[in-house]
Amino acid sequence: MKQIAVLGSTGSIGTSTLDVIAAHAEEMQLTAITAHSSWQQLAEQAQQFRPRWAVVSNSDLKSAVDLSAFPQETEVLFGDEQIERVAAADEIDTVICGIVGAAGLKGAWAAIESGKTIGIANKETLVVAGPLIMDLAERSGATLLPVDSEHSAIYQALQAGSASEVKRVILTASGGPFRGASPADLEDVTPEKALAHPTWDMGPKITIDSATMMNKALELIEAKWLFQLTVDQISVVVHPQSIVHSMVEFVDGSVIAQLSPPDMRLPIQYALTYPVRMEGLNPPMDWSRAFELSFEPPDLEAFPALRLGIEVAEQGGTCGAVLNAANEAAVERFLTGDLRFSDIATSCEQVLKSHQYEPHPSLDKLFELDHWAREEIKRWKSC
Ligand SMILES: NC(=O)C1=CN([C@@H]2O[C@H](COP(=O)(O)OP(=O)(O)OC[C@H]3O[C@@H](n4cnc5c(N)ncnc54)[C@H](OP(=O)(O)O)[C@@H]3O)[C@@H](O)[C@H]2O)C=CC1
Ligand SMILES: CC(=O)[C@@H](O)[C@H](O)COP(=O)(O)O
Ligand SMILES: [Mn+2]
């Protein structure tokens, strides 16, 4: 029986993961769940799954949480550091990292350091600290399995050849709700429009990232570290149907793709059952009807965040942490109506340019720059 911790169990990835676990109750047991503030939802999950631990990471809520809402066998823990504790607990062998943003890094780090199997949805961890994370996984013997749909697709397609036979990977992007828009169209779009993703139902931060195409920028950096690629081995192609989740091109010209309807329960389940495949909840492809798959190049002028991602992936060092933190803070401001849509990429670029670059930063340095970049964005004003 697999003992699983789901970090960020109340989010979009978290609830999909719990669906997968419920559908495989004979093989999988939910042992720990975590939320930041949604403690009532966490308590409902605890009532259904009876985990050993439930963590509310926002310790300010300690006095507000009604402990009687949780089952008696579940120990309720408070504070950020308890995420790390459950992620590293001996009782747990598999950790799904579904927290959003750099806030997910410490839990992922603890799980990797203790040599577990990790399903990593939290791409920000790799964007901020890719080389340190990959080095840690190598030293601890942890198994790092991608959950992000594109990276799961690449992981699956890579099995068609050896590492030395890979020419490049092709990341697909839906293009988001503003595909085809001009830079002028994008200046003043509303949060409501930006939150209307055409193919995926996800949390608000990643949905805005998809609209700016910062998501693809982060995914390009994620792919570079996860698969140890050079930047010119990674291409991005816009594929509005989100059926082809990504592709690998081998040296002989063969391109291997992974296809399925857009549903995160498939890559989550693949990470939970790897190397085995099992029947699951995700709908199958319907080959009985006519449909089209289309591909087009991305528009780097309308979506400058993607260009920024390519530059950051090339520079490495401190750039990933600064871009990520600036973007998180800018998205937060955009969602409260305090920053224009087009200013998300502009402000990130300016903060990146003004930071003190280091090629081989420590984790402490990355946390320091994360804090600095967020403060810079809070102060940032459009010229
Ligand atoms: N959603 C998707 O389909 C996909 C998501 N991803 C990645 O997965 C990650 C999660 O995304 P998604 O599920 O959409 O996000 P959501 O916003 O839906 O969920 C975020 C989860 O993280 C918790 N959380 C938020 N802030 C903190 C914090 N400061 N400390 C600890 N926990 C926190 C939330 O708790 P609470 O509910 O209490 O706020 C919630 O459980 C992101 O990195 C995203 O890029 C990747 C591919 C697809
Ligand atoms: C489901 C998933 O993996 C998301 O990262 C998704 O890919 C976002 O869609 P975009 O391609 O629009 O960024
Ligand atoms: Mn993705």
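Along the chain as shown, the residues are counted starting at 1.
Positions of Cβ are set from backbone N, Cα and C atoms, glycine also.
Here the structure is a predicted model, which means the values were calculated and not measured.
According to TrEMBL, the domain '1-deoxy-D-xylulose 5-phosphate reductoisomerase N-terminal' annotation covers 4-130. Looking just at the domain '1-deoxy-D-xylulose 5-phosphate reductoisomerase N-terminal' (4-130), the mean pLDDT is 98.
The local packing around Ser12 (NADPH binding site), expressed as other Cβ atoms within 10 Å of its Cβ over all shown chains, amounts to 19. For Thr10, Gly11, Ser12, Ile13, Asn122, Glu124, Gly203, the entry in TrEMBL reads NADPH binding site.
Within 10 Å of the C-beta of Lys123 (1-deoxy-D-xylulose 5-phosphate binding site) there are 29 other C-beta atoms, taking all protein chains into account. Following the DSSP three-state reduction, the secondary structure of Lys123 (1-deoxy-D-xylulose 5-phosphate binding site) is helix. Summarising the annotation, TrEMBL assigns 1-deoxy-D-xylulose 5-phosphate binding site to Lys123, Ser149, Glu150, Ser174, His197, Ser210, Asn215, Lys216, Glu219.
Summarising the annotation, TrEMBL assigns domain '1-deoxy-D-xylulose 5-phosphate reductoisomerase C-terminal' to 144-227.
The annotation Mn(2+) binding site is assigned in TrEMBL to Asp148, Glu150, Glu219. Of all Cβ atoms in the shown protein chains, 28 besides its own fall within 10 Å of the Cβ of Glu150 (1-deoxy-D-xylulose 5-phosphate binding site). A helical conformation is recorded for Glu150 (1-deoxy-D-xylulose 5-phosphate binding site) in the three-state DSSP classification.
According to TrEMBL, the feature domain 'DXP reductoisomerase C-terminal' maps to 259-375.
Glu124 (NADPH binding site) has its Cα within 10 Å of the Cα of these binding-site residues: Glu219, taken from Asp148, Glu150, His197, Glu219. All protein chains included, Asp148 (Mn(2+) binding site) registers 28 other Cβ atoms within 10 Å of its own Cβ. In sequence order, Lys123, Pro146, Ser149, His151, Leu171, Asn215, Lys216, Glu222, Ala223, Ser246 are the same-chain residues whose CB sits within 8 A of the CB centroid of Asp148, Glu150, Glu219, the residues recorded for Mn(2+) being left out.
Cβ crowding, taken as the number of other Cβ atoms within 10 Å, peaks at Asn122 among the binding-site residues Thr10, Asn122.
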